[in-house]
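These notes concern the structure reproduced below.
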Amino acid sequence: MKFSNGARGGTHAYPVEDDMIDITTASGQTDRNVKNHHHEEDDNSTHYSSTFGGIHETADIPGIGQYEDFHTIDWQRDIARDRMRHRYIIKKKQDSVWSLIQGAHDAWSGWLCVLLVGLCTGVVAGVIDIGASWMTDLKFGICPQAFWLNKEQCCWSSEETTFDTGKQAFWLNKEQCCWSSEETTFDTGNCSQWRTWSEVLGQSRTGAGAYVISYLFYIMCALLFAALSASLVRMFAPYACGSGIPEIKTILSGFIIRGYLGKWTLIIKSVGLILSVSAGLSLGKEGPMVHIACCIGNISYLFPKYGRNEAKKREILSAAAAAGVSVAFGAPIGGVLFSLEEVSYYFPLKTLWRSFFCALIAAFILRYINPFGNEHSVLFYVEYNKPWIFFELIPFIGLGIIGGVIATIFIKANLKWCRYRKYSKLGQYPVTEVLLVTVITALIAYPNPYTRMNTSELIYLLFSQCGISNADDLCDYNRNFTDANSAIEWAPAGPGVYRAIWLLILALILKLIMTIFTFGMKVPCGLFIPSLCLGAIAGRIVGIAMEQLAYNYPKNWLFSGECSTGYDCITPGLYAMVGAAAVLGGVTRMTVSLVVIMFELTGGVRYIVPLMAAAMASKWVGDALGRQGIYDAHIALNGYPFLDSKDEFAHTSLAADVMQPKRNESLAVITQDSMTVDDIEALLKETEHKGYPVVVSHESQYLVGFVLRREINLAIANARRTVDGICGQSLVIFTNSNPPQTLGPPHLKLKKILDMAPITITDQTPMETVVDMFRKLGLRQTLVTHNGRLLGVITKKDVLRHVKQLDNEDPNSVLFN
């Protein structure tokens, strides 16, 4: 078996920007017709030819090296080209001071690029957070004196706003005191500065009439925001819909989707995300933030080192993905681990450093903007005053099992719905679907206070522990306090707690159903926040149940050792946090990055062990009930050519069983020095292969190299345009030797575009080895030989279809190469 690789000669121009393209969906859905703008820069591309002995050699052909849309890059080729470029720069450093400056700029361009990506990502995330908060409150009312303020900001200046805190510190001002206390409640219920829509229309704030008016405005605003979001996506940027993480994973694995990271996608995704979150749909903005950050990361085209090399560009995109999670959750370390564990395909050590730096800068900028208004850069900062107890590992693991079951139900149901949408007429009316789901969501969400409120606020409420002044039904315990500084003792649950439990159970069912129908619609929609919400609801219910069991049976062997002091020893908010991690882990199959994100998300460092236990239990249950997480399942649904490095291949088969064509079938090849331009053009018309092996002759079939279809077309077209005498009868030469010149037209020498060292295997190579080669080397194809003679070709699509077939799945579901 031969493992060889080499770089093709010549200088290649790369597309410097992915912009919008015309595309028709593979499922026959709505045509995505958007203008295509190709702006190509190539200061190295020239049009000239050299002549020696009557043989014309085309060199530096414009366009060679570019990849076609919906095709996989050649990782080995691009990495080899980068090494050659690096050696050339080092060599040129000795020539002049200017070359030395250029070399220094090349060395620092990666750090400069990720710095810009981090800065821009932090700013965009802050704008999205502020805009979504304001528009969400706009469904309930407005601040007449300053309409651009959300409810909380509007009420900051109101004398009727109350700040209730537990412990006081005389050296803090009112705002600092309130934010530093875990029992703080910011009560804006009686704020006269904020006017509900019923008050704006001359009605009172309470009563049946006010409820009906508020209900109608809630539905109308939700419909307006959702319609705007879906219309913007449909008209200007079809790629701005959905989460984006499945496509980002596929792009980082080496797949080309032009326009997916373009400027219009960035703008529409950002604006549409604000609108869709504000509409109250069961979605989040965290997944789309990864897509937005990668769109910002596409500014790497400004740096030739990355813009002209698709493999190097993906190093910047990996760092951008880390920054996206960093600003979405305020979790820079979790963002780096998320990029490493979940989305990145090629992650060298220097990419780890740059990802960390990019996530750090993005988190710093977001912290400076302070969109959450609480001086914390995290969404759900909590601080529990009691440690977890060893026996609680039992319910924590139980929550992991529950999370895995909920996640499996969601994944299977969502895939069935997305498959139905894809192949039915419903897929032809995306805006209608969005409006239908929005009106149903608004109708059923408003009557329940836990589904009416913003999902992030609900998660924060479920994570929080009950304070003395907390008036929510979740904290309606039968306690007697003598003063505000009394310790919180154990107490039986009051009627409000039981009422809240029933409402939470109803909210869990409704949110699960609506998330199934929402994820995958043609609006920007993420899955992290809905998953966290489902788990937090389930966890809070379990936490309350455990709390009441410990109160009613204090002498039980399970509780007697730790809970017999008369003080509350169980924190329901901690169970909500563990449940949230369990469902999110079951949905995404994340483990290490999930635990780090959760403790960064909440500030609960001491609760790593419960989070780890729940995450592992959830992953095991999810893997037992369904093999794929939601993102991998959607990659398979869309037919993207993604080979997951985490999957195992244990089937016994050989390369000869998978190669194309089969034994004793003819193989389309190009000979090294016996085919004319007409012969090659006829071969290109008769076949649709993306590349062709070059052999010594049709009789011997000894392998010489491999050449891409696109590069042959470009080379011949360039030669016809720039070289005198080149015609259909010109002999095409792929070797250094100069055959005797005849009286006919001049020969065309194309050795520059020939890969002289393609990676080859023998026909007896086990497919386990072949699959590992495609995964670890990022191959597009490999050539199959026997004793040096060419037998066939195995492409990435062939490998994927073979794996699908062995797993009893439809091999034709793999649509791209």
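From the backbone N, Cα and C atoms, a Cβ is placed for every residue, glycine too.
What TrEMBL lists as compositional bias 'Basic and acidic residues' is 32-45.
Residues or ranges marked as domain 'CBS' by TrEMBL: 754-811.
What TrEMBL lists as region 'Disordered' is 29-48.
Marked as transmembrane segment by TrEMBL: 108-130 (among others).
Here the transmembrane segment (208-230) has Cβ contacts under 8 Å with residues 135, 138-140, 196-199, 201, 271-273, 275-276, 278-281, 430-431, 434-435, 438-439, 441-443, 446, 452, 521-524 of the same chain, all six or more residues outside its ends. Residues or ranges marked as transmembrane segment in TrEMBL: 208-230 (among others).
The annotation transmembrane segment is assigned in TrEMBL to 264-283 (among others).
Sequence-distant neighbours of the transmembrane segment (316-340) (same chain, 6+ residues past either end, Cβ-Cβ under 8 Å): 110, 113-114, 117-118, 121-122, 125-126, 248, 251-252, 261, 285-287, 289-294, 296-298, 300, 306, 346-347, 351-352, 354-363, 366-367, 376-379, 528, 590, 592-593, 596-598, 600-601. Annotation comment: TrEMBL describes 316-340 (among others) as transmembrane segment.
Here TrEMBL flags 352-369 (among others) as transmembrane segment.
Annotation comment: TrEMBL describes 389-415 (among others) as transmembrane segment. Listed as Cβ neighbours of the transmembrane segment (389-415) (distance under 8 Å, sequence separation of 6 or more from its ends, same chain) are residues 512, 515-516, 519-520, 531, 534-535, 538-539, 542, 546, 558-559, 561-563, 569-570, 575, 578-579, 581-587, 609-610, 613-622, 624-626, 628-630, 633-634, 637.
The feature transmembrane segment is assigned by TrEMBL to 427-446 (among others). Beyond its flanks by at least six residues, the transmembrane segment (427-446) meets 25, 27, 29-30, 215, 218-219, 222-223, 226-227, 229-231, 233-234, 241, 279-282, 421, 452, 510, 514, 517-518, 521-523 of its own chain at Cβ-Cβ distances under 8 Å.
Residues or ranges marked as transmembrane segment in TrEMBL: 500-520 (among others). Long-range contacts of the transmembrane segment (500-520) within its own chain (CB-CB distance under 8 A, at least 6 residues past either end) are made by residues 242-243, 281-283, 406, 409-410, 413-414, 417-418, 421, 437, 440-441, 444-445, 448-451, 458, 472-474, 476, 527, 530-531, 533-534, 537-538, 540-541, 544, 630, 634.
With a threshold of 8 Å between CB atoms, the same-chain residues lying at least 6 positions outside the transmembrane segment (527-546) that come near it are 243, 282-287, 328-329, 392, 395, 398-399, 402-403, 406-407, 410, 450, 455-456, 458-459, 462-463, 474, 493, 497, 501, 504-505, 507-508, 511-512, 515, 518-519, 570-584, 587-588, 630. Marked as transmembrane segment by TrEMBL: 527-546 (among others).
The annotation transmembrane segment is assigned in TrEMBL to 574-599 (among others). Proximity of distant same-chain residues to the transmembrane segment (574-599), defined by a Cβ-Cβ separation under 8 Å and at least 6 residues beyond the stretch ends, is recorded for 325, 329, 331, 333-335, 337-338, 340-342, 382, 384, 388, 395-396, 399-400, 402-408, 410-411, 459, 462-463, 527-528, 531-540, 542-543, 546, 605, 607-608, 610-612, 614-619, 621-623, 628-632.
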Per DSSP, what is the helix/strand/coil residue tally across the domain 'CBS' (754-811)? 23 helix, 18 strand, 17 coil
Grab the same-chain neighbours of the transmembrane segment (352-369) for me: Cβ-Cβ under 8 Å, and only residues 6 or more beyond its ends, written as numbers and ranges. 110-111, 114-115, 117-119, 121-123, 125-126, 129-130, 293, 315-316, 318-327, 330-333, 335-336, 339-340, 377
